[in-house]
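**Q** What Swiss-Prot shows for this protein is this:
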type	residues	note
BINDING	ASN235, MET264, TYR293, HIS329, SER349, ARG350, GLY351, ASP390, GLY391, LEU392, ARG393, GLU429, TYR456	substrate binding site
BINDING	HIS433, HIS497	Zn(2+) binding site
BINDING	CYS577, CYS580, CYS585	[4Fe-4S] cluster binding site
COMPBIAS	621-632	compositional bias 'Basic and acidic residues'
REGION	620-649	region 'Disordered'
Amino acid sequence: MSSRKQARLEAKNFIDSLSVQPYPNSKKAYIQGSREDIQVPVREISLADSLVGGTKKEPVFEPNVPIQVYDTSGVYTDPTHQIDLYSGLPKLREQWIDERGDTELLDDVSSVYTKERLEDETLDDLRYGNLPRIRRATDEQCVTQLHYARQGIITPEMEYIAIRENMGRQKFADEQLNHQHPGHNFGANLPKEITPEFVRKEVAEGRAIIPSNINHPESEPMIIGRNFLVKVNANIGNSSVSSSIEEEVEKLVWSTRWGGDTVMDLSTGRNIHETREWILRNSPVPIGTVPMYQALEKVNGVAEDLNWEVMRDTLIEQAEQGVDYFTIHAGLLLRYVPMTAKRVTGIVSRGGSIIAKWCLAHHQESFLYTHFREICEICAKYDVALSLGDGLRPGSIADANDEAQFSELRTLGELTKVAWEYDVQVIIEGPGHVPMHLIKENMDEQLEHCHEAPFYTLGPLTTDIAPGYDHITSGIGAAMIGWYGCAMLCYVTPKEHLGLPNKEDVKTGLITYKLAAHAADLAKGHPGAQIRDNALSKARFEFRWEDQFNLALDPETARSFHDETLPQESGKVAHFCSMCGPKFCSMKISQEVREYAKDTEQVAADQAIEIKMLDNPLEGMRQKSQEFRDTGSELYHPAVGAKEAQLEE
């Protein structure tokens, strides 16, 4: 069997046998909102008790409160839910949308292409079988979260997000857990508690978006903005030479498990429409696309043959399926193309290269630019957010921050204002390949020229010399630009520049970028960001190995690395690891020092000797030397109670 057939078979088996898979020692918990149907998911990590004293026979323990963390995995980690990918996810937002009374259910699809696909009987085996009815705004209505926010309306989505962003941190009274270093937020507004009104205000001002197509009611509301937690996007999608529908659905579920806040379906191969339907019906997170890719397939891959009619039908097709945000490369103007002639790597964006080729072939501005207002009208009817694409992003360090890149950025700022006229939500896409010392300039330019609309960047990669490790080269840049104010980071996998990522590459990219996003939240001083770090550090100091694993971003890898050298169960309670061994563990020695300091009698004796040393230095040193030998010539001595408790080892 070929490797491709094997991969598809494995993915199909995954789909057919998918069951709830909670994280180790974690449970899905829900925080109740103001109404019965606002139940916000968090992952609650249970921790072992801390040994604080006593004896071997009667040890004294202190409980550790469970840690709640942001959870993107949907019902896939909820044991009360029966997983069935053929039926899709619960329609969480359907009632909220219906209650607003500004949408209608359509009797038929509006897209010509969708009608053709539905009438093609050869696609029956591929098609998602439980197609929902399509919603659209009623005449003269706008159904975007930005529109509601500007009207002063706090939607259920906004309340849901406020609860989600706080992650239940209000319940932590432990001073040690709540300790947090002051951050440097570069002008961001980070309140101690996120309220629904704060969410509404940020959305109304255009500083944040809530991607929430009315035809994707399965999605759990989330927010993208620099005054909130930094988010991470995962890219999936087939190509003309690799992957299948089953594999892409598998990657979707995998992405949400490992922290993908949104997922972009960048499919360019066969059956794009059917693949996207399966993904949307089973996605608890917002889904983004680049409609240009599918439009190009419709004209057999000939960029010059693209036109507004094909693009318009594609936008409607995808909006009615439920796509939450479109990447639109409308800021690439004809006069910017010559600016790329002297670049080392030219135009590296797929969408950008398609538009550039079309502009040159027709010697006019692209239909995305000339029909931009019509694009906004379509988006307003379904609440599709616009992710204004950076078609001229630098593809190499040499091309960073050049005239072409920043010219397009300024045009994106102009288009942002146009979209806001229609109450359409907007984020701005950014680079790319940028050395560390030029990254902040990108953030500063974006804030100035794009009116504080959220920034969404691919990395940036900080060096070009590490194919196979570009998740690391870009993770460095992602952490930096997240700190400076970038709202969402698009992950990069180890396969970047080399091939289509598989399931494990997706996980590696996501863990790397969740790490970068969290580091940025810490640096900004986002309230409560340090709680998980503090809990893990406490577990590490107390040798609670299982708690260390379970609090990690990737518990499986942390546990497997530990067990490579200490696989026995006794290794899970040992007061050392294989790095230093039992005699040289700094944590163990520090514990012994701490216990030693608690011995008040010894402290008093030390003080007496110190006085004697001042009176008679030679006699004092002789006594200290004799004391060291008399107590076994050991560097550190734990208190008696602690030593007895550790005899269990």
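The count begins at 1 with the first shown residue.
Glycine is no exception: its Cβ is also placed from the backbone N, Cα and C atoms.
Quick caveat, the model's predicted, so the values are computed rather than measured.
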**Q** Take the C-alpha atoms of HIS497 (Zn(2+) binding site) and GLY391 (substrate binding site) and report the distance between them in angstrom, rounded.
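**A** Between the alpha carbons of HIS497 (Zn(2+) binding site) and GLY391 (substrate binding site) there are 17 Å.
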**Q** So which binding-site residues out of ASN235, SER349, ARG393, TYR456 end up within 10 angstroms of HIS433 (Zn(2+) binding site), measuring C-alpha to C-alpha?
**A** ARG393
**Q** Applying a 10 Å Cβ distance cut-off over all chains shown, what neighbour count does HIS497 (Zn(2+) binding site) have?
**A** 13
**Q** Among ASN235, MET264, TYR293, HIS329, SER349, ARG350, GLY351, ASP390, GLY391, LEU392, ARG393, GLU429, TYR456, the annotated substrate contacts, find the widest CA pair distance and round it to a whole Å.
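**A** Those residues reach a largest Cα separation of 20 Å.
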**Q** Highest Cβ count within 10 Å among the binding-site residues TYR293, TYR456: which residue is it?
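**A** Result of the Cβ crowding comparison: TYR456.
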**Q** For the binding-site residues listed here, GLY351, GLY391, which shows the highest count of neighbouring CB atoms within 10 A?
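**A** When each Cβ's neighbours within 10 Å are tallied, GLY391 leads.
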